[in-house]
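First comes the structure, then the notes that go with it.
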Amino acid sequence: MKKLVLLVGMLVSIVTMAQTPQVVPAPAAATDTSKVSKDTKHDTLRHRRKMMWAAADTITSGDYMMSIERVNDKLNAIRDSVKMSLEVMGAGRRLDKITKDIAEIKERLGGRRARVNLRNLYLYQSFLDNLDEDNQQIRQYLMSTYSRFYRSKLGIKTVMKDSIFKRLDKDTIMAKQFDQRLDRMQRKWVRTDSMTRVGLNMLNELKMKVSDNSMNIGNMLNMIDNRLDKADMQLFGKEAPCLWQFNVPDTVNSKLYKSASSISLLEQKALAYYFDKTSQRRIVMLLVALLLLGWWWFKRRQFKDIRNQKAEFAFLHLKYINSHPVLSLLMILFALIPFFDAYAPTLYLTGEYLISFIIASVIFYSQWDRKTWYAWIALVVMFVVVSVSYVWTEPKLLPRYWLVLLQIGVIVFAMRFYNRCNDKVSFRQWIRISLYVTLLLAGLSILTNIFGRFSLAGIIGVASIFTLVQAITLPLFINTALEVILLQIQSGRVRKGITAPFDPSLVVKKLKLPLIAFAIVLWIMMLASNLNVYHGISEWVSNLLTSPRTVGSISFKLSSVLLFFIIIWFAHILQRLISFLFGETGNEAEDGIISKGQHSRLLMLRLLVLCGGYLLAVAASGLPIDKITIVLGALGVGIGMGLQNIVNNFVSGIILIFDGSLQIGDVIEVSGQAGKVKEIGLRASTLNTADGAEVIIPNGTILSQNIVNWTFSNDQRRVMIELTLSGDELDSNIINAIINTTVGTVPNVIKKKQPVILFTNVQERSCRLTVRFWSTISNTDQVKSDALLKLKEAFLTKGIVMG
């Protein structure tokens with residue numbers, strides 16, 4: 001029964017489940033599973049990223065250490081860049097000196113005078129220009145230094161912005177680990193920032209000084225320019241009444257003039273300032289003097305020999321350096337005064353030139369007669385009196401008459417000196433031209449003084465006497481320079497063992513023109529300086545020479561072109577005279593004792609001097625290389641069209657110099673000409689023939705033909721004599737003995753080589769024969785003559801007649 005009840009219950013349950021509706025959740029269940037899978041993956045990725053960023057944000061102690069080192073290196077670099085160098089300190093001292101100089105010039109320019117002293121104005125203007133140039137150089141240096149300091153200041157602000165270094169402040173654990181390093185870096189940062197601020201403040205102060213100096217210099221230059229503009233009106237305007245106007249007061253503008261003591265004080269201030277600010281120039285002059293005296297010291301033995309053996313050195317015609325060597329050398333130094341002291345005050349120039357005139361007077365005393373020397377002394381006295389009088393004289397009536405009398409005295413003594421000049425006074429033609437200039441200036445000074453142009457009369461009056469006395473002493477400079485060069489040449493010849501005299505006119509001819517041109521420049525400079533027009537002329541010449549000029553596409557300066565030709569000119573002079581400087585004259589018989597190798601080396605040296613001169617001229621002129629290439633291309637075309645012979649001769653000359661097959665002193669035969677090689681030039685070579693003629697043969701001709709060189713390896717030449725003998729008994733043994741014995745006694749016959757005797761025709765009572773022996777090439781004709789005479793005498797003693 002129980003089993004039946006259980007069975008019925010199971011059947012009812014099965015039927016009920018079969019009748020209930022079925023829901024298919026398979027798709028939904030599949031979707032949810034995929035979503036869950038994707039979400040799981042995304043979560044995993046996010047987790048991994050978080051772990052990666054967490055790992056990246058983790059900063060180790062090594063990272064902090066590297067950051068600290070970077071910041072430390074930047075601080076060190078900034079600290080090094082803001083250190084005050086010695087140049088900055090030096091710039092500060094230079095600025096203080098410039099400021100002091102400006103104040104001194106301003107003090108000396110203070111106060112007004114109607115009597116114009118243009119020389120002092122130009123002097124102060126020159127100094128101010130130099131100060132302005134120094135000031136601008138310091139300005140540029142300070143600007144560059146300030147830019148460096150300012151960049152360092154900005155660097156200090158950004159040096160602590162390193163991202164890792166900033167996080168160190170938040171990481172208290174790591175901060176404690178680097179606590180000592182951070183403290184040291186903080187102190188370094190504070191010191192660096194302080195140094196930067198101090199440096200910037202100092203540079204700002206220096207920049208302010210530079211600006212103040214620039215403003216003061218500009219104002220003072222403007223003031224000087226205004227005074228110079230007014231000076232032209234004052235110089236040519238009427239400053240005082242005419243000399244015949246006795247009823248007019250002594251001066252028209254008496255309130256504007258200062259007393260003689262004030263004038264003296266101003267001149268003394270100008271003199272003291274100039275003397276203080278031109279010490280470097282005097283150092284240069286001292287070095288030049290030491291150089292000249294050092295040369296004299298090394299040549300003192302030669303000077304002694306010249307004084308003791310005047311006859312042997314008379315060919316040098318030494319007038320000054322032989323009698324007064326030290327004083328003559330000092331005259332060379334004093335002749336260069338215009339290059340150093342063109343803007344010097346009148347008293348300074350008067351003192352310098354007075355010393356030079358005293359030295360010249362000592363030298364002239366032994367050269368001139370007494371009347372000429374006394375006339376020269378009178379000119380020197382007039383020079384001193386005129387210079388001092390125009391500096392300290394006030395424009396009053398009696399002093400003006402005194403100045404007129406002084407100019408009349410200048411005219412009288414100048415004419416007196418010229419009339420007493422004789423042949424012993426050098427460059428009399430030059431002195432005559434200077435005399436005309438002196439007379440003209442003295443006359444103008446008298447006229448301007450008479451008509452009340454007192455300042456102009458003073459300027460012209462001082463220039464009148466300066467012009468003549470300087471012109472008289474400049475020939476002393478020219479002659480002394482020539483004598484120094486001649487003495488150096490003679491010294492080189494003595495060292496080479498050459499004691500024979502040479503013709504110094506060749507050297508004088510080459511060097512006299514450059515020295516005269518240089519002396520004329522010195523004379524014009526001093527004349528312009530005394531007339532107070534040197535500043536204007538020098539600026540005009542400077543602008544003329546330095547202004548760029550354009551011809552087509554080529555831009556150049558006249559100074560570059562002038563320098564180019566001057567250097568080439570001197571290179572040609574030097575290469576022509578280089579043989580004299582090394583003791584060789586090139587046109588004398590005694591040069592033959594010098595070895596051929598020395599001659600060849602001299603030729604090479606001359607070629608190097610010439611080539612070096614051209615290269616130096618190109619470099620100094622500043623000519624553009626691309627333009628020179630164009631010129632060389634044009635020359636190449638010209639060479640191809642018509643300059644082949646010139647280039648051929650030039651190249652052939654170089655080949656002859658370096659080849660060695662032909663040297664100076666060789667006896668050669670070429671182009672039907674025979675003679676001794678006198679010179680091998682770059683274009684042609686010169687032969688001295690036996691007849692005394694000089695044959696000039698182009699080098700191309702020599703190199704393209706066969707050359708017979710009698711002295712290439714030795715100087716021996718065979719001499720051949722043809723003899724006709726007659727007699728009763730002609731024994732060949734006797735004839736050979738006579739010839740061998742006689743020829744051996746003839747001078748200049750080479751005895752190592754036995755004579756060769758060849759019988760060409762033998763008869764019963766006569767014979768003809770040829771005798772051949774050796775001699776030197778230079779004695780061939782003389783040996784042949786001596787041999788004939790001695791052989792005739794020797795045969796006569798044996799009863800043999802030589803026909």
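In case you wondered, yes, glycine gets a Cβ from its N, Cα and C as well.
Curation plays no part in TrEMBL annotations; they are all automatic predictions.
What TrEMBL annotates here:
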type	residues	note
DOMAIN	645-711	domain 'Mechanosensitive ion channel MscS'
SIGNAL	1-18	signal peptide
TRANSMEM	283-299	transmembrane segment
TRANSMEM	320-340	transmembrane segment
TRANSMEM	346-366	transmembrane segment
TRANSMEM	373-393	transmembrane segment
TRANSMEM	399-418	transmembrane segment
TRANSMEM	430-451	transmembrane segment
TRANSMEM	457-486	transmembrane segment
TRANSMEM	515-534	transmembrane segment
TRANSMEM	554-574	transmembrane segment
TRANSMEM	603-622	transmembrane segment
TRANSMEM	628-647	transmembrane segment
### Query
Taking 399-418, 457-486, 515-534 as candidates, which has the most Cβ pairs under 8 Å with the transmembrane segment (320-340)?
457-486
### Query
With pairs 6 or more apart in sequence, are the transmembrane segment (346-366) and the transmembrane segment (457-486) linked by at least 3 Cβ pairs under 8 Å?
yes
### Query
At an 8 Å Cβ cut-off, counting only pairs 6 or more apart in sequence, do the transmembrane segment (399-418) and the transmembrane segment (457-486) clear the bar of 3 or more pairs?
yes
### Message
Which range wins on Cβ pairs under 8 Å with the transmembrane segment (554-574): 283-299, 373-393, 430-451, 515-534, 603-622?
### Response
603-622
#### Entry: Other parts of the chain folded back onto the transmembrane segment (457-486), taken as Cβ under 8 Å at six or more residues beyond its ends
118, 235, 295, 316, 318-322, 328-329, 331-332, 335, 346, 353, 356-357, 360, 363, 376, 379-380, 382-383, 386-387, 390, 393, 403, 406-407, 410, 414, 417, 425-427, 430-431, 433-435, 437-438, 441-442, 444-446, 448-449, 504, 507-508, 511-512, 515-516, 519, 522-523, 526-527, 530-532
### Query
List, by number or range, the same-chain residues at least 6 past the transmembrane segment (603-622) whose CB is under 8 A from its CB atoms?
557, 560-561, 563-565, 567-568, 570-572, 574-576, 578-579, 582, 628, 654, 657-658, 664, 680, 682
#### Entry: DSSP helix/strand/coil residue counts for the domain 'Mechanosensitive ion channel MscS' (645-711)
21 helix, 24 strand, 22 coil
## Note on the structure
Sequence-distant residues near the transmembrane segment (373-393) by C-beta distance (under 8 Å, 6 or more away from its ends) are 260, 263-264, 267, 346-347, 350, 353-354, 357-358, 361, 364-365, 399, 402-403, 406-407, 409-410, 413-414, 416-417, 420, 458, 461-462, 464-466, 468-469, 472
### Query
When the pLDDT values for the domain 'Mechanosensitive ion channel MscS' (645-711) are averaged, what is the result?
79
